[in-house]
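These notes are about the structure you will find just below.
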Amino acid sequence: MSQQQPVEGHQHPQQPRIEHEGAPVPPNPYPLAGDGTPTQGEPARVAELREKLVQVRREVAKSVVGQEAAVTGLIIALLAKGHVLLEGVPGVAKTLLVRTLSSALDLDTKRVQFTPDLMPGDVTGSLIYDAKGGEFEFRRGPVFTNILLADEINRTPPKTQSSLLESMEERQVSVDGVTQPLPTPFMVAATMNPIEYEGTYTLPEAQLDRFLLKLVLDIPERELEVEVLRRHAAGFNPRDLSAAGVTAVLGADDLADAQRAAAATGVSADVLGYVVDLARATRQSPSVRMGVSPRGTTALLAAAKAWAWLSGYPSVTPDHVQAMVLPVWRHRLQLRPEAELEGVASDAILRSILTQVQVPI
């Protein structure tokens with residue numbers, strides 16, 4: 001097994017944990033990426049791409065204090081061509097994080113504030129009658145972008161939430177029998193408040209399943225919160241990221257190359273079997289009504305490959321799989337009603353499964 005740390009278990013003294021509240025945190029900043037020097041036999045272009053992703057993290061840090069785990073998760077989702085759901089109480093920088101990451105990428109970004117009166121056409125677009133031409137024409141909605149920030153997605157009814165299903169899965173929008181392809185790359189980064197907050201709707205299960213990762217953002221530690229106040233006292237304005245010095249350091253071509261490199265990361269038959277064994281264990285849990293589906297296993301593999309590549313490994317190890325289990329699967333488990341009444345959490349079930357399933361050597 002690799003030198004990296006699993007989600008649970010003994011920690012190597014030379015490496016920090018790679019999992020914090022369910023999202024992975026890489027070594028500081030990444031192995032093999034400090035000076036851009038490639039490992040033996042590795043193309044210089046690959047090392048260059050990793051170094052650019054390190055620069056992306058540095059740009060984000062100019063605006064966002066802490067939340068390194070969430071930053072890493074967003075980068076992994078970009079590499080794996082997936083979507084991200086960020087959950088946290090109001091005021092923990094969910095929106096600021098996505099906005100800053102977008103500013104560090106030379107990609108088109110649009111934001112939609114989800115409200116109770118938002119209609120599906122407000123997101124995907126709609127047919128508008130052109131009086132001059134005497135015909136209807138399609139007016140594109142904000143979903144036609146590279147990164148769509150769906151802010152407070154669970155404050156709008158399920159019908160509007162579900163309007164993103166085709167966009168997220170097929171990378172296209174169909175209106176009146178006409179299919180409109182979305183730009184490449186395309187990622188939905190959705191923020192949501194905990195469901196116990198007033199005025200929120202539960203996300204449909206089919207919608208949740210389209211998100212590669214669900215990242216949980218917590219209240220920052222005391223020293224980080226002090227740093228937040230220090231920056232604001234010095235004049236930081238979260239609505240003016242350019243004043244904070246945030247600049248674009250990674251473009252669409254760079255991202256496409258990084259996505260191809262991550263997808264080419266090797267994976268052994270033993271690791272594939274390990275992913276399946278973990279998924280089958282979720283289906284057999286007495287607290288789970290419906291466990292992880294095959295879509296969930298492929299999502300875990302994609303995220304683990306991206307994390308392995310980002311960490312500088314030529315192939316996926318069980319540690320990479322373990323590090324991604326919580327963020328990839330926590331929103332895919334459907335618990336039994338009695339388990340929910342007892343306060344059983346998906347994270348606790350997954351941590352227990354990680355200790356029970358045999359790890360390949």
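Residue positions begin at 1 at the first shown residue.
Cβ from N, Cα, C; glycine included.
Automatic prediction, not curation, is the source of TrEMBL annotations.
Values in this document were obtained by computation on a predicted structure and should not be read as measured data.
Now, the feature entries from TrEMBL:
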type: REGION; residues: 1-42; note: region 'Disordered'
type: DOMAIN; residues: 83-213; note: domain 'ATPase AAA-3'
type: DOMAIN; residues: 280-352; note: domain 'ChlI/MoxR AAA lid'
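Across the domain 'ATPase AAA-3' (83-213), the DSSP tally of helix, strand and coil residues reads 37 helix, 43 strand, 51 coil. Averaged over the domain 'ATPase AAA-3' (83-213), the predicted model reaches a pLDDT of 89.
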